[in-house]
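Noted in TrEMBL for the protein shown:
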BINDING   GLN10, ALA11, GLY12, GLY13, LYS14, GLY109, THR110, GLY111, GLU141, ASN168, ASN186  GTP binding site
DOMAIN    2-194  domain 'Tubulin/FtsZ GTPase'
Amino acid sequence: MRVFFIGFGQAGGKIVDMFLAHDKKLQNSSFRGIAVNSARTDLLGLHNIDMKDRLLIGQTVVKGHGVGTDNVCGAKITADEIDTIINAIDTRGTHDIDAFIVVAGLGGGTGSGGTPVLCRHLKRIYREPVYALAMIPAPEEGRLYSYNAARSLATLVNEADNTFVFDNSAWKEEGESVKSAYDRLNEELVRRFGVLFRAGEVGQFGVGEMVVDSSEIINTLRGGGISTIGYAISDVITKTKPKKSFFSGFGKKDKEGSSLTGEDKSAKIIGLVRRAMLGRLTLPCDYTTAERALVLVAGPPNELDRKGVEKSKSWVEENIAGIEVRGGDYPVGSNYIAAVVLLSTIGKAPRITELLEQAKETKQDVIKSVDRKSNLFEDAIDPLFE
Ligand SMILES: Nc1nc2c(ncn2[C@@H]2O[C@H](COP(=O)(O)OP(=O)(O)OP(=O)(O)O)[C@@H](O)[C@H]2O)c(=O)[nH]1
């Protein structure tokens, strides 16, 4: 799939930067991206997005210092400067893309406020689908962050064609602070979504037996709402080491041995897909409530197996609410075989329910505290001037 990424705010910019870095490393050109932010220093910290594709907004209001976790301000400056943002996107070129993906952390101000506004305008202007990839904050970041995320997400689901969610709290280790975990979390996120978003692109290893076209991904996401993905990898048993690794960075040693038979390959793929769906999802949820799914298996061509993918699809279909399960394979040069399961339009995710409940409580508390303040000077003496 050819993707146009817009990284909104600090987290969004960093993640798009990383998607482009992976693309470069793989000598691919499936992805292009720009970064939009109200903080100048955040934009300067990026490495793989061209300087001309880093857009500073809200200069007259916040003078390049960010909106300070005020997502209403983030939404306002985005709306005020929407023409400048659209112009930057057009300048970068959109004629050959399959989808837009706006990436942001929803707990802050710029990305949280700006993403729903941008999605609305992109949908109005372009025919291509507009997706959001949203990171939700850990509860320990504080109530303001949760409140921002809940408000932004509730708006976003009505503006984007689908929203992929990554839950920071589900991915950080016990005792690890979210901040120190960011680099690791971002690697996990980009690796998973990278395999999905690259599907359908013809690489140097040819076309798969059961190609997953970008239209399969788009149709899987058609129901809207929120989506999550699962991912699992397994070593490939090879006699010789492939030259370039697609899923590099896992730090495991190559294994020597003989290739698997057809039955073994099928079993391995089914096992992998089960692990992907039953393991940790980007947003942990009740997978039985998913309306649609897509199964993607990527690995060296001689490890891919049509029967294995077909059986995996049937297994996923038996386990989700809907009946639409698409799938296919994707040949890459690697010592690993990877399975991605996209669960789309999910109906139940405890973390989202919690976030929305928390936001309602926060709103009530804010109203109460405003009332308390107004009571304090209710019967006060006349002010010096009105
Ligand atoms: N996964 C991940 N999440 C991040 C990262 N940085 C920040 N976040 C999350 O994103 C939220 C928003 O943070 P930022 O992106 O810094 O905020 P912003 O959009 O730049 O907005 P302002 O700084 O308020 O102008 C935070 O509350 C975190 O939950 C990151 O590198 N990775």
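Backbone N, Cα and C define each Cβ position, glycine as well.
Automatic prediction, not curation, is the source of TrEMBL annotations.
Within its own chain, THR110 (GTP binding site) has PHE8, GLY9, GLN10, VAL36, ASN37, SER38, ALA39, ILE57, GLY58, GLY66, VAL67, ASN71, GLY74, ALA104 as residues 6 or more apart in sequence whose C-beta sits under 8 angstroms from its own.
In this entry, GTP is bound by GLN10, ALA11, GLY12, GLY13, LYS14, GLY109, THR110, GLY111, GLU141, ASN168, ASN186, whose most widely separated C-alpha atoms sit 20 angstrom apart. Within 10 Å of the Cβ of GLN10 (GTP binding site) there are 24 other Cβ atoms, across all protein chains. A 10 Å cutoff on Cβ-Cβ distances gives GLY12 (GTP binding site) a total of 33 other Cβ atoms nearby, all chains included. On the 0 to 100 pLDDT scale, the domain 'Tubulin/FtsZ GTPase' (2-194) averages 95 in this prediction.
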